[in-house]
Amino acid sequence: MVTAIYPGTFDPLTRGHEDLVRRASGLFDKLIVGVADSRNKKPFFSLEERLTISNEVLGHYPNVHVESFSGLLKDFVRRHDARVIVRGLRAVSDFEYEFQMAGMNRYLLPDVETLFLTPSDQYQFISGTIVREIATLGGDVSKFVFPSVDKWLKEKIAAQG
């Protein structure tokens with residue numbers, strides 16, 4: 001049984017993230033979506049909210065499990081005896097950072113592979129940062145996120161005044 005981990009902040013989970021989960025879940029026996037605590041990034045949604053949102057969107061995949069983690073990805077990967085780390089590459093600008101991270105992960109976890117997946121064409125330009133910016137400025141992000149995520153965004157923005 002091969003377990004893979006798809007780590008990220010998922011702030012918020014977008015249609016691009018779900019696209020990668022859908023495709024990666026077909027490649028592995030078990031896919032764990034690791035929602036990173038990422039306090040240093042000062043996320044828009046709390047860790048608990050991001051877990052709830054991720055479970056709402058991804059809960060119908062039978063071999064996908066959503067779980068939070070903090071600290072080193074290496075420790076999370078070891079705890080789950082995962083063999084693969086899944087990462088998304090939207091553009092060349094993502095590649096340099098992801099290449100460095102893959103190299104460090106290979107050093108720390110020599111028996112674990114990093115698999116890069118590119119999003120489907122319609123999702124190549126979507127990022128959580130862009131979605132948050134559009135939403136907080138009053139724009140429509142419904143084409144980039146699932147209805148439940150759109151609702152979460154609108155409620156959070158309204159609560160912040």
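Backbone N, Cα and C atoms are what each Cβ position is placed from, and that goes for glycine too.
Values in this document were obtained by computation on a predicted structure and should not be read as measured data.
Here is what Swiss-Prot records for this protein:
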- THR9, LYS41, LEU73, ARG87: substrate binding site (BINDING)
- THR9, PHE10, HIS17, GLY88, LEU89, ARG90, GLU98, TYR123, GLN124, PHE125, ILE126, SER127, GLY128, THR129: ATP binding site (BINDING)
- HIS17: site 'Transition state stabilizer' (SITE)
What are the sequence-distant neighbours of GLY128 (ATP binding site), meaning same chain, six or more residues apart, C-beta distance under 8 angstroms?
THR9, PHE10, ASP11, PRO12, LEU13, THR14, HIS17
Within 10 Å of its Cβ, which one of these binding-site residues (LYS41, ARG87) has the largest number of other Cβ atoms?
ARG87
By Cα-Cα distance, the member of binding-site residues LYS41, LEU73, ARG87 nearest ILE126 (ATP binding site):
ARG87
Taking the Cα atoms as reference points, how far is LYS41 (substrate binding site) from GLU98 (ATP binding site) in Å?
17
Return only the integer: C-alpha distance in Å from GLN124 (ATP binding site) to ARG87 (substrate binding site).
14
For THR9 (substrate binding site): DSSP state (helix, strand, coil):
coil
For ARG87 (substrate binding site) and GLU98 (ATP binding site), what Cα-Cα distance in Å is obtained after rounding to a whole number?
8
Name, in the order they occur in the sequence, the residues of the same chain whose CB lies under 8 A from the CB of LEU89 (ATP binding site) and which sit 6 or more residues away.
PHE95, GLU98, PHE116, LEU117, THR118
What three-state class does DSSP give ARG87 (substrate binding site)?
strand
Around the C-beta of GLN124 (ATP binding site), how many further C-beta atoms are within 10 angstroms, looking at every protein chain?
15
